[in-house]
Amino acid sequence: PSGYAVREAGPPAYYRPNSDNRRQGGRERLASTSDKGSMAVESAKETRYCAVCNDYASGYHYGVWSCEGCKAFFKRSIQGHNDYMCPATNQCTIDKNRRKSCQACRLRKCY
């Protein structure tokens, strides 16, 4: 690409509420567990995932939720004007464990 595109701000591409699927305000909520009646603290933080590799997102960078690794990769890619070539079929799987295996496909997922 000749430049870079910034995605429109809006609902996050990869938003997943915490595991119990209940939105909680900015506070922790106490809930009793059904077994033994003990109290447990549920986290109020909503988990967001990187739109590129699906790792945990560190923040909203360049218009999408992304991890620190993909944020830095995208920044280096647009500043260095790199021309990456996919050694396979331009359809490599980019996830947390394989995000470093193909820079061309990783950059393509950034756009």
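From the backbone N, Cα and C atoms, a Cβ is placed for every residue, glycine too.
Summed and averaged per residue, pLDDT over the region 'Modulating' (1-49) gives 47. Taken from Swiss-Prot, the feature region 'Modulating' applies to 1-49.
Feature annotation from Swiss-Prot assigns region 'Disordered' to 1-42.
Marked as compositional bias 'Basic and acidic residues' by Swiss-Prot: 19-30.
Per Swiss-Prot, the feature phosphoserine maps to Ser32; the stated evidence is similarity to another entry.
Annotated DNA-binding region per Swiss-Prot: 50-111, in sequence order, evidence recorded as sequence analysis.
Look at Swiss-Prot and you will find 50-70 (among others) tagged as zinc finger, backed by sequence analysis.
Sequence-distant contacts of the zinc finger (86-110), counting only residues of its own chain at least 6 positions beyond either end whose CB sits under 8 Å from a CB of the stretch, comprise 51-55, 62, 69-70, 73-74, 77. Look at Swiss-Prot and you will find 86-110 (among others) tagged as zinc finger, backed by sequence analysis.
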